[in-house]
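Database features (Swiss-Prot):
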type     : residues : note
TRANSMEM : 30-50    : transmembrane segment
TRANSMEM : 98-118   : transmembrane segment
TRANSMEM : 127-147  : transmembrane segment
TRANSMEM : 165-185  : transmembrane segment
TRANSMEM : 203-223  : transmembrane segment
TRANSMEM : 248-268  : transmembrane segment
TRANSMEM : 300-320  : transmembrane segment
TRANSMEM : 336-356  : transmembrane segment
Amino acid sequence: MIIDTTEIETINSFSKLESLKEVYGIIWMLFPILTLVLGITIGVLVIVWLEREISAGIQQRIGPEYAGPLGILQALADGTKLLLKENLIPSTGDTRLFSIGPSIAVISIFLSYSVIPFGDHLVLADLSIGVFFWIAISSIAPVGLLMSGYGSNNKYSFLGGLRAAAQSISYEIPLALCVLSISLLSNSLSTVDIVEAQSKYGFWGWNLWRQPIGFIVFLISSLAECERLPFDLPEAEEELVAGYQTEYSGIKFGLFYIASYLNLLVSSLFVTVLYLGGWNLSIPYIFVPELFGINKRGKVFGTLIGIFITLAKTYLFLFIPIATRWTLPRLRMDQLLNLGWKFLLPISLGNLLLTTSSQLLSL
């Protein structure tokens, strides 16, 4: 069978078209991920700037003001400085554990953002077990911290890693029990379903009013998970120099710095999703699109409003951990463990039993 030149050109053009479709498919698949990473990076820079400005206001001093207007580029300048610093590795430590520890901490926190809905079904992965996926993934981060402390071959680093692991285990259980109580109220483990379950009664439908005890326990546990004051024992400067970060410099130290703020942002986002109604606005906004001549059928305006509401609630809530840093003194290690095991765990367990009983009685 003889194939002429025209048929060969047709086959080649068809194969090129299929290759282009594959390339476009890969780009379209990576676009949401890259957009989320870019948004998270900008969000972390905003948190750093807010913390410095709020801290300066609390201490009645002037915050950063030279790096860009109002000092908004100060965090970017600090990151550039860390990138240009020398990356030192301890000669007597475990090089592999020392190098892989920061990466595990950052990647595990980054994966948590994949189940957070920023708008109406605007989520990277709408999993049916979204909240438990977050708990499972976030529990990997302390493993990276422990590896960093052990791989540094430094007593201060090792003690900091052990403290981080003990603290995470102590407060992960009350956190999970509070999340389970919310899931029982919403009859779902999906983050999207939990937000939609709070949209029935507007402001009064938030889980904050139905789970006030769980909200307080969740707030304390999330502060401990983020290692924020008064729970920053793994890196207490007066006791452990810098904890598991003592031997780190350059980009690896910058990864730990980013991981702490990534964890703070993801905790605040989950507070918004689980307790503050997510993307739902508490006041009617049905007539706003018609007022400005915007067609709501395209859902563009509604999506932008949802993203704005979610981020506004998140950054308003961030004022609490930032203000707490300059308000409360650091706990001792025995006080921290007693608070987690003797108080928060029984309270969260009792809250779960009450929630289960109320749900059974309502059947």
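Here the Cβ of each residue, glycine as well, is placed from N, Cα and C on the backbone.
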Stretch of maximal Cβ-Cβ contact with the transmembrane segment (127-147) [cut-off: under 8 Å; candidates 30-50, 248-268, 300-320, 336-356]: 248-268
For the transmembrane segment (30-50), sequence-distant contacts whose Cβ falls under 8 Å of one of its Cβ atoms, 6 or more beyond its ends: 64, 71-72, 74-76, 110, 113-114, 124, 258, 261-262, 264-265, 311, 315, 318, 322
Sequence-remote partners of the transmembrane segment (203-223) [C-beta within less than 8 Å, at least six residues beyond its ends]: 171-172, 174-175, 177-179, 181-182, 185-186, 194, 231, 267, 270-271, 274-277, 282, 320-321, 324, 339-340, 344, 347-348, 351, 355
Intrachain neighbours beyond the transmembrane segment (336-356), with Cβ under 8 angstroms and 6 or more residues off its ends: 166-167, 170-171, 173-174, 177-178, 180-181, 184-185, 211, 213-214, 217, 220-221, 224, 231, 233
Spatial neighbours of the transmembrane segment (98-118) far in sequence, C-beta under 8 Å, 6+ residues away: 36-37, 40, 89-90, 124-127, 130-131, 133-134, 137-138, 140-141, 143-149, 151-152, 191-192, 195, 244, 247-248, 252, 255-256, 258-259, 262-263, 266, 269-270, 273, 278-279, 306-307, 310-311
